[in-house]
Structures are given as structure tokens and as C-alpha cells.
Amino acid sequence: MIDEKGILFILSGPSGVGKGTVRKELFNRANDLAYSISMTTREKRSGEAEGVDYFYKTNEEFERMIEAGQLLEYARFVNNYYGTPRKYVEDTLAEGKDVFLEIEVQGAMQVKNNFPEGVFIFLFPPSLEELKNRIVDRGTESQDLVLKRLKEAQNEIDMMDAYDYVVVNDDVNYAVTKIQSIIQSEHCRRDRIASQYKQLLKEE
Ligand SMILES: Nc1nc2c(ncn2[C@@H]2O[C@H](COP(=O)(O)OP(=O)(O)O)[C@@H](O)[C@H]2O)c(=O)[nH]1
Ligand SMILES: Nc1ncnc2c1ncn2[C@@H]1O[C@H](COP(=O)(O)OP(=O)(O)O)[C@@H](O)[C@H]1O
């Protein structure tokens with residue numbers, strides 16, 4: 001294989017659409033993807049653990065990482081910072097392993113600038129009403145924050161055209177199967193490009 005680097009997959013979409021749920025199910029099904037655990041300044045929710053769901057940082061620590069260029073992308077989302085550790089992603093891709101990011105839309109757009117060869121997947125709600133129900137039913141946000149997240153969702157949906165794929169999250173299992181198909185297709189596409197390249201080398 002000519003290109004032995006892993007492929008970077010980015011799953012994004014509005015808050016409450018089911019990114020976390022879909023990502024967890026994707027990683028439950030045996031595969032050799034590496035999940036990049038993000039840094040955040042938001043408070044740990046009950047049931048979450050350091051180094052599993054996020055690396056929890058203070059504002060000061062996070063801003064020091066930004067200044068030191070340690071983040072591949074970062075965004076402020078509903079009054080908190082969220083960011084992707086650059087070194088983990090670059091080292092893992094260099095080892096030939098695929099890396100999977102689950103991030104919000106502003107950050108995904110930064111990754112698109114730095115890593116245009118990444119594969120961008122937008123998770124789409126069956127309807128806005130259903131999106132609202134999911135955020136409310138999850139019960140992690142106050143009413144004020146639910147409204148903030150919904151307002152943000154409208155802006156995020158406007159960015160959908162910038163993505164390579166749109167997956168409707170009507171049913172978790174079906175959405176995960178579609179994402180697995182995208183991963184397989186992208187490997188076949190990469191192999192095709194590699195085989196064309198090999199052919200070119202032979203002809204030289
Ligand atoms: N830009 C960026 N967004 C992230 C990162 N990690 C998580 N997010 C996104 O930040 C948003 C808020 O995450 P969180 O507070 O965990 O809430 P939830 O995902 O809605 O349950 C979600 O859209 C996440 O996908 C990251 O490293 N960078
Ligand atoms: N396909 C689905 N059908 C019904 N409920 C879902 C589905 N996917 C996720 N949910 C629920 O919606 C809520 C938000 O999901 P979550 O994964 O936290 O979203 P996100 O990470 O995008 O903010 C959760 O309560 C989750 O159980």
C-alpha cells in the first residue's frame with residue numbers, strides 16, 4: 001500500500017442529535033478505529049470519567065494548550081472550551097490507524113481547513129421537534145441551556161453542505177451501520193487511488 005497513514009473521520013452535527021450515542025455504539029462493535037478523547041472545561045457529568053469521556057481542564061490549562069499549539073482544533077460551545085489533542089491524532093494516523101473525532105460544527109470546520117483529506121460526516125436529526133425532545137429527555141441541561149443548544153443547532157444545520165456524508169439518526173443501529181459502510185467505502189476509495197498511483201509508477 002502506498003498510503004499507509006490512517007484515515008481521519010469526523011462525526012459532527014447539532015447537540016442532542018445523538019453523536020455520543022452513535023459513537024459509543026460504533027465503538028461497541030468490534031473495529032480498529034481509535035477514538036480521540038477531547039479536552040473540555042465543562043463540568044464532569046455524573047457517570048463520566050476523566051480520560052474516558054473527556055480530559056477535564058480548567059480555563060487556564062485549556063488556554064495554555066491553545067497557546068502552545070497543542071490542539072488540532074478547538075471551539076467555545078455554550079460557555080465552555082472543547083478541543084482535540086493534536087499529538088494523539090497525528091501520531092495515531094502516522095501509525096496507520098484510523099482516528100475518529102466526535103466534535104461540534106465550528107471545530108469540524110477548522111479540521112476541514114487543516115486536514116482537507118479527512119472524511120466529514122454530518123449526523124442529522126429526523127426533525128427539529130425530535131432534536132428538542134432528545135435534548136430535553138436527556139435531562140442534562142437547564143431550560144435556558146436547552147434553548148441555547150437549539151438556537152445553535154439551527155446555525156449548525158446551515159453548515160451541512162460542507163460535509164462529505166449526511167447520516168440521518170432515526171435509529172441508532174441503522175445510523176451506525178451507515179457509518180461503518182462509509183468507513184469501508186473510504187478504504188476502498190483509498191485503495192483505488194493507491195492502485196492508480198502504483199500503475200503510474202510502473203509506467204514511468
Ligand atoms: N470542537 C470540538 N467540539 C467537541 C469536542 N469534543 C466534544 N465536542 C462537542 O461539544 C458539544 C458539547 O459536548 P457535551 O458538553 O459533551 O454535550 P453533548 O455532546 O451534547 O452531550 C458536542 O457537540 C460535542 O460533540 C472537541 O474536541 N472539539
Ligand atoms: N436514534 C435515536 N433515537 C432516539 N433517541 C436517541 C437516538 N440517538 C440518541 N438518542 C437520545 O438523544 C439524546 C441525545 O443524544 P446524545 O448522544 O447525548 O447527543 P449529542 O452527543 O449529539 O449531543 C440522548 O438521550 C440519547 O439517548
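Every residue gets a Cβ built from N, Cα and C, even glycine.
As annotated by TrEMBL, ATP binding site applies to GLY13, PRO14, SER15, GLY16, VAL17, GLY18, LYS19, GLY20. DSSP assigns PRO14 (ATP binding site) to coil, not to a helix or a strand.
Summarised as a single figure, the pLDDT of the domain 'Guanylate kinase-like' (6-184) averages 94. Under the heading domain 'Guanylate kinase-like', TrEMBL lists 6-184.
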Residues sitting within 8 A of the centre of the GLY13, PRO14, SER15, GLY16, VAL17, GLY18, LYS19, GLY20 CB atoms (ATP site), not counting those, run LEU123, PRO125, LEU131, ARG134, ASN169
In the structure shown, which of the binding-site residues GLY13, PRO14, GLY16, GLY18, GLY20 has the fewest Cβ neighbours within 10 Å? GLY20
Ligand 2: which of the binding-site residues PRO14, SER15, VAL17, GLY18, LYS19, GLY20 have a Cβ closer than 6 angstroms to it? SER15, VAL17, GLY18, LYS19, GLY20
Could you check what DSSP calls LYS19 (ATP binding site) once collapsed to helix, strand or coil? helix
